[in-house]
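Encoded as structure tokens, the structure appears first; notes follow it.
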Amino acid sequence: MPNTSTAGRFGRLGWLWLTVLVLVIDLTSKVYFDNALHLYQQIVVIPDLFSWTLAYNEGAAFSFLAESAGWQRWLFALIAVVVSAVLVVWLKRLGRNDTWLAIALALILGGALGNLYDRIAYGHVVDFILVHWQNRWYFPAFNFADSAICVGAVMLALDMFKSKKSGEPAHD
């Protein structure tokens, strides 16, 4: 049974504080690492596992379409604007008991806006977190916005699993 209790006129927009927090942490960390490191420089934090680095990603996740002629900047920016608008409307329509979903949407929105800012302002996304195994395997560099999007997406996926008996989200 869907949640029929409303959260008032503004739905769960109160969770936008979390979006702003993600955005501030993301943009501040990107400015810091962009100024502190040279492109592709690495600072080892945990040997054979974790480093800080500086990389510019002109594509999407895993540098998808990064080698294109530049049109992808505006395509990904447009997608981020549309997704962000949908997320705000979705947040507004949530009921009082949809806290888990509100947090998930706020995290995704904050990450999307952080990467959108980079795309519009710089033409690329600043990445600085590098996870690797020795010198054999490297996960693509990422940033705080990417992490917020991933955590929010996992929370959203978990929210979609409904209990067969009650129809309520599995996390409650």
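Glycine too: its Cβ is placed from the backbone N, Cα and C atoms.
Annotation comment: TrEMBL describes 15-33 (among others) as transmembrane segment.
Only residues 6 or more beyond the boundaries of the transmembrane segment (71-91), in the same chain, are considered here, and those with a CB under 8 A from a CB of the stretch are 11-13, 15-16, 58-60, 65, 102, 105-106, 108-109, 112-113, 115-116, 119-120, 123-124. The transmembrane segment annotation in TrEMBL covers 71-91 (among others).
The transmembrane segment annotation in TrEMBL covers 98-117 (among others).
In sequence order, T53, L54, A55, Y56, N57, P140, A141, F142, N143, D146 are the residues of the chain that are 6 or more apart from D127 (active site) and have a CB within less than 8 Å of its CB. Summarising the annotation, TrEMBL assigns active site to D127 (among others).
Positions annotated as transmembrane segment by TrEMBL: 137-158 (among others). Sequence-distant contacts of the transmembrane segment (137-158) (same chain, at least 6 residues past either end, Cβ-Cβ under 8 Å): 22, 25-26, 29-30, 53, 55, 57, 61-63, 100-101, 103-115, 125-131, 169-171.
Using a 10 Å Cβ-Cβ cutoff, D146 (active site) registers 20 neighbours. Mapped onto three states, the DSSP output places D146 (active site) in helix. Among the features that TrEMBL reports, active site is placed at D146 (among others).
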